[in-house]
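What Swiss-Prot lists as active site, schiff-base intermediate with substrate is S25. Positions annotated as pyruvic acid (Ser) by Swiss-Prot, on the basis of sequence analysis: S25. Marked as substrate binding site by Swiss-Prot: T57, G73, A74, A75. The annotation active site, proton donor is assigned in Swiss-Prot to Y58 on the grounds of sequence analysis.
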Amino acid sequence: MLRTMLKSKIHRATVTQADLHYVGSVTIDADLMDAADLLEGEQVTIVDIDNGARLVTYAITGERGSGVIGINGAAAHLVHPGDLVILIAYGTMQDAEARAYQPRIVFVDADNKQIDVGHDPAFVPAFDIPGAEELLNPRIGAR
């Protein structure tokens, strides 16, 4: 049996730009793509924390170190700059692999800089990690 499992998640990133007239996709900082084990063209689900919108698109690599999370194409009608989003990728795997697989969960600060990487989708980093308090409200002191 094949199972579809959580493969990667970038948790509570801030949308930095939206371009309605781009052909589609989500632009993600190359550092975050690497941390989350996302490939150019990989399918991702975007969950907008602010308005509840959910959509499926594909990832394109943004400038390394820029913190860019750019919503492109028609999705820009649903997700806007400043919105908090969760970016999720799923993988299909055999049952045995699924039972042992550990997803990549990337936590970011208000500037979309990585502050932690883990494997437990229910875990929130300890507050002794610089920037972790922003996971509860990443807009603190950011805008």
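Glycine too: its Cβ is placed from the backbone N, Cα and C atoms.
Here the features listed in Swiss-Prot are placed on the structure.
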{"residue": "S25", "record": "active site, schiff-base intermediate with substrate", "Cβ contacts under 8 Å, 6 or more apart": "T57, Y58, A59, I60, N72, G73"}
{"residue": "A74", "record": "substrate binding site", "Cβ contacts under 8 Å, 6 or more apart": "L20, G24"}
{"residue": "A75", "record": "substrate binding site", "Cβ contacts under 8 Å, 6 or more apart": "A18, G24, V26, I46, L55, T57"}
Span of the substrate site, taken as the largest CA to CA distance across T57, G73, A74, A75 (Å, rounded to a whole number): 10
Per DSSP, three-state class assigned to T57 (substrate binding site): strand
8 Å Cβ shell about T57, G73, A74, A75 centroid, substrate site members excluded: G24, S25, V26, L55, I71, N72, A76, L78
In three-state DSSP terms, the structure that S25 (active site, schiff-base intermediate with substrate) belongs to: coil
